[in-house]
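The structure appears right after this line, and notes come after that.
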Amino acid sequence: AQETQLLRFKPGELTSKKDQFGTCIFIVRDGSFKLLDALGGECLLGPGCVFGELELLQVRAGGVIAGEFGGTCFAVSSVAVLATMKALSRTFGVRNLHFLSTAPLFRFLDAPDLAILSRNAFSLVHSSSACLYHEWQMPKKFLYILKSGGLVSCTATRQNCIFPGECLDHRSALCQRPHAETVRVCAESDAEILALSFQLLQDVLGENAEDFLWRCVLLRMLRDLWSDRPAFCTPLMWRDDPEGLARACVIKSFPAGTSHMFSAEEADSIVWCTTLDGSLPLSEKDPQHSQEIFSGFRLDANAGSWPKDVLLAGSLTSDCTLAVLLQDAVGAVDSAADKLQVVKNTLILRSLDSKQQAQVAEAGQLLLRQQGQLIFKEGDLASHFFVIKEGEVTVSKGGEVIRTLGSFSTFGEAELLSKKTRYFTVNCKTDFVTLLAVDTMTFEQLVKDAVSEKLQDQLHLRRTDIALKDLRKLRVIGNGTFGTVQLMEHQPSGMRYALKCIRRSQAVAKGQQRSLCNERELLMDLDHPFILKLVRTFKDSRYVYFLTEFVTGGELFSAIRLLGILPGWQARFYIGGLILALQALHEKLLSGTFMKFLRGIC
């Protein structure tokens, strides 16, 4: 108000000149004004109308002249307008951020993405009983989320309430077809809606934007049908957690004409699925299910009517998008404190901040498995990565056990990074194994970018496809009783490793064959940050080779000889690392013979 002037204009007086940048915006108080567009047309502006805002944005606009009887306007300077707009933008941005931080699915996005979405979203207020859109009306490419008030969705067969935090129909916009519902505001109060453009989501979320939008579709579908939970036949652990189910599922899209959606191995790993869009032609082998399954139909592997071959059926007649829940996501154990403790104790997750760790813990599921139970097998679809809380698992490929993983080790992340099927088969080794399962969406939004470097290093140390011929010698870094240790570079990836070369003739002469075999087996069984990791072993006519991680800094013994007596804080640091490694060895019931594999940090 302090920056506002009251101006009076005579009849026909020029108020705003055509194609000229302005310094004010005008609000009509009384009288009338004529807006002249570029084509010579006229538009009458009465009390309450605003003009001059386009000129502030440096966009060419038409001129404005006072009407037949003149009029008065409030004029607000551009400086005041822009300052006010910036202040309002910050205020609304903070409000939007607070809302999105608690909205389903959005609350698991990382903080920078949420901040960008909040600043660029805008709110729409609709009065009570107003119609937002009609069935068969073409949609706009926006994701609309109800912030406050209530909405009612009506179709020919169903009427559902939409509550704050829920999304409106954006499946139609994704598929570029008319709305399948009519949405009105409840009669009791107005409704405020937050709008996010698809382009904004694409810019912020990148390749994950479409996956995120389909998860919003799934969550809306689940909530619309949640009143019929028993018939909906979701796994028991998800009956009262539709958001958890929406995060746990894998979204798969197939174009029309696809002949095989899943291989037999992939189909075996699916316990539940629903069609988000399109239809599935059922196999002709089952005469009771010869019709097509349309959007929203559920398939439950535990139900007697599960037509397993529906996912192996013939050519699709239309584009189809499915949400599938895999066996490795099904469990029954859950404790918020236990989950957070697992996250904090996992090496690759320690680089996350406390808020991100809490979000990963909230999104994760603790699963209890028994000895011999299959967690997943080679060729299965991948929807989660896992952290071992207690117990041990064996990792095998082609029937051969590659390594054993213990407490706070991770597995399954390689497939989420590559978006491919499972590379290995994982089984429970001990009597009981407790796992923290983290879904794909949480991995993509919270974990992947923050720990990508550590993940890549870890995956390089678990590779099984490295060949001796692909290694290039850089230099000798050590000598031992039976041979040398060389620094090698894996030429395809550029990763550096240490290669221990043992002369077979000397090993045989000293009777060390059994010891070398034991050494290999035990190192393959160990997975601890303070114990040297064995990647692969090779042999030829002269040597046996142990390919291990390359640890810089030298040996602890040499460092102590160089440094002399250590201060108390340094001694505690080194001894603490040794104790943690000894604890891991003790849990494996290993003898002191393998102390030489302890890694000091220098």
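Every residue, even glycine, has its Cβ placed from backbone N, Cα and C.
A TrEMBL annotation is a machine prediction, not a hand-curated record.
A quick note: this is a predicted structure, and the numbers were derived from the prediction, not measured.
Taken from TrEMBL, the feature ATP binding site covers LYS510. Secondary structure at LYS510 (ATP binding site), as computed by DSSP, is coil. In sequence order, PHE482 are the residues near LYS510 (ATP binding site), counting only same-chain partners six or more apart with C-beta under 8 A.
Residues or ranges marked as domain 'Cyclic nucleotide-binding' in TrEMBL: 1-57 (among others).
Residues of the domain 'Cyclic nucleotide-binding' (348-447) grouped by DSSP class, helix first, strand second and coil last, total 26 helix, 41 strand, 33 coil. Positions annotated as domain 'Cyclic nucleotide-binding' by TrEMBL: 348-447 (among others).
What TrEMBL lists as domain 'Protein kinase' is 471-602. Each residue in the domain 'Protein kinase' (471-602) gets a DSSP state, and the totals come to 53 helix, 40 strand, 39 coil.
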